[in-house]
Amino acid sequence: MRNASSDAKTHSGSPEANVESHSVSSARSSTLDDDRLLEEIGYVPSFKREFSNLATISFAFSIMGLCSSVATTFNTPLLTGGPASVTWCWILGACMCFTLGSSIAEIVSAFPTCGGLYTASAQLCPPRHRAIVGWIVGWLNLLGQIAGLSSTEFGLANMIWAAVVISKDGDYVVTQGMTVGLFAGLLVFNGILNCLATRQLAHITKSFVFVNLGTTILIIIVLLAMTPRSEMHAASYVFGSAGIVNQTGGWNSGLAFLFGLLSVQWTVQSFPPQDYDATAHISEEVKRAAYAAPSAIFIAVIGTGLLGWLLNIVMVLCSGPLENLPGPSGSAFLEIMALRIGKPGALFLWSFVCLTAFFVCQTSLQACSRMVYAFSRDHALPDRGYFGHVTSFTTTPLRAVWFTTIFSILPGLLDLASPIAANAIFALCAIALDTSYIIPIFLRRLYSRHPEVNFKPGPFYMGDGLLGWAANLTCICWTLFVCVIFCIPTELPVTSTNMNYASVITVGVIVLSGYVRDLSGLFSH
């Protein structure tokens, strides 16, 4: 700071020099503040802070992948609870997810480290519980992220093959081997791109938000313009009782309606593998992280919720006869586009939907690899810190990148032997991530007055008044409720092929984590 001040005085006669000196000084001061906060938590800065505000917001929007996530989850609410379930469950879920996003943004602002919520959880409880809490939350979050990345990439492979089926007028057979092969190739390509330096990743990420939002807005406009008014559904079908169609095979209509929550929960909360705390995982690469990371979460959750609601309304409005969906491609979203826009136009727009899904995987892999790096750095992996290494050439954790890539491929390969087992692994994503989200929020309130817990709020802080308590309690209760919905099979009768294994796997992870005894190395720094 002395050198910067001295330089400013020396060049006081030049306005350009003063502006440049002030900019450099501000940027340097911001970086020093970020690093000082990191050191207070107990970490030595290892990354270059190259992510600007725009890149960070774009990262947060991309991780949610609005149009691609809606496209891949649209079948569930439409074909279980009906069109009205799609419409109302989205806005209900989006409002509840906003309370969760705000609560997590508050914690990320206070603990902007690439460990994310598992680091925060350990800091928000007494020292005697720190290791076990950090261990359980970390493993839930890490395995949920890897499963989510794998399922998202698998969904992208299915989206691409769905486009091929549409282009061949349904006269094309896609085998499991073809899907798995494309899935593995896409993941490897994402791994290669993640080998770039932080500055290059930041530049690439800046464009993601424009493609994501632009594609969504374009689909909305084109569908409304190309659908004759006489063929649009009535308001009672989109918003009313005429749109409640129970197709679960036995569940009551109320529960069938609530299955519509699965779409918004997967899109805004759990579908992309590192949603809310994704910006936390790259926060050590973000400028003014305590401000930028929570702001990105806040903006992305609001934008995704509102624009996603509009997209769902338009899709239902223009959907045509329900009995014709999901069609030969297996994607109701794509079939609706083909019906209204025509096959060439639909495939053109679908290519951008697939591109946004690719962006989701790209940013997800980056965030997940930073989580692996942090977990290894904190000695929670039995690797003696091998994956907690930053390559000097790119100043990024390349070992963690390829660890994440390879382990994300494994669930997809399992699909060749047993699709049921592969789906069970994919199901881990939802409840595992949800559980890892609410534990630090619960601890934040439980130990708020504990003498051994010193919570220092960050710039984004809702306070200890009614607003903060209401947001925290609402998101905890809502997440627990949704976890119950996640555990229920969406079809009756329940068979080995449609059984929902999410709860079984999540409980298994928690139990196995609880039995680990040698935790002395965790957070030893």
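Placement of Cβ uses the backbone N, Cα and C atoms for every residue, glycine included.
Automatic, uncurated: that is what TrEMBL annotation is.
Positions annotated as region 'Disordered' by TrEMBL: 1-28.
Annotation source TrEMBL lists compositional bias 'Polar residues' at 1-15.
Same-chain residues lying 6+ beyond the ends of the transmembrane segment (51-71) with a Cβ under 8 Å from its Cβ atoms: 152, 156, 159, 198, 202-203, 205-210, 212-213, 215-216, 219, 263, 266-268, 271-272, 274-275, 278-279, 282, 285-288, 292-293, 295-297, 299-300, 303-304, 307-308, 311-312, 315, 331, 333-334, 352-354, 356-357, 359-360, 362-364, 367. Marked as transmembrane segment by TrEMBL: 51-71 (among others).
Per TrEMBL, the feature transmembrane segment maps to 91-120 (among others).
Look at TrEMBL and you will find 132-152 (among others) tagged as transmembrane segment.
Annotation comment: TrEMBL describes 172-196 (among others) as transmembrane segment. Beyond the transmembrane segment (172-196), the same-chain residues lying 6 or more positions past its ends with a Cβ under 8 Å from any Cβ of the stretch are 149-150, 153-154, 156-158, 160-161, 164-165, 204, 358, 361-362, 365-366, 369, 394, 396, 398, 401-402, 404-405, 408-409, 412-413, 415-416, 419.
Positions annotated as transmembrane segment by TrEMBL: 208-228 (among others). Beyond the transmembrane segment (208-228), the same-chain residues lying 6 or more positions past its ends with a Cβ under 8 Å from any Cβ of the stretch are 54, 57-59, 61-62, 65-67, 303, 307-308, 310-311, 314-315, 317-318, 336-337, 340-342, 345, 349, 352-353, 355-356, 359, 362-363.
What TrEMBL records for 248-268 (among others) is transmembrane segment.
Taken from TrEMBL, the feature transmembrane segment applies to 289-311 (among others).
Feature annotation from TrEMBL assigns transmembrane segment to 347-365 (among others).
Look at TrEMBL and you will find 420-443 (among others) tagged as transmembrane segment.
TrEMBL lists 464-488 (among others) with the feature transmembrane segment.
Look at TrEMBL and you will find 500-516 (among others) tagged as transmembrane segment.
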Proximity verdict for the transmembrane segment (289-311) and the transmembrane segment (347-365), three or more C-beta pairs under 8 Å: no
Non-local residues, at least 6 beyond the ends, that sit with Cβ under 8 Å of the transmembrane segment (347-365): 59, 62-69, 71-72, 145, 148-149, 152-153, 155-156, 159-160, 163, 166-167, 186-187, 190-191, 193-194, 205, 208, 211-212, 214-215, 218-219, 222, 272-274, 278, 333-334, 337-338, 341, 401, 404-405, 408
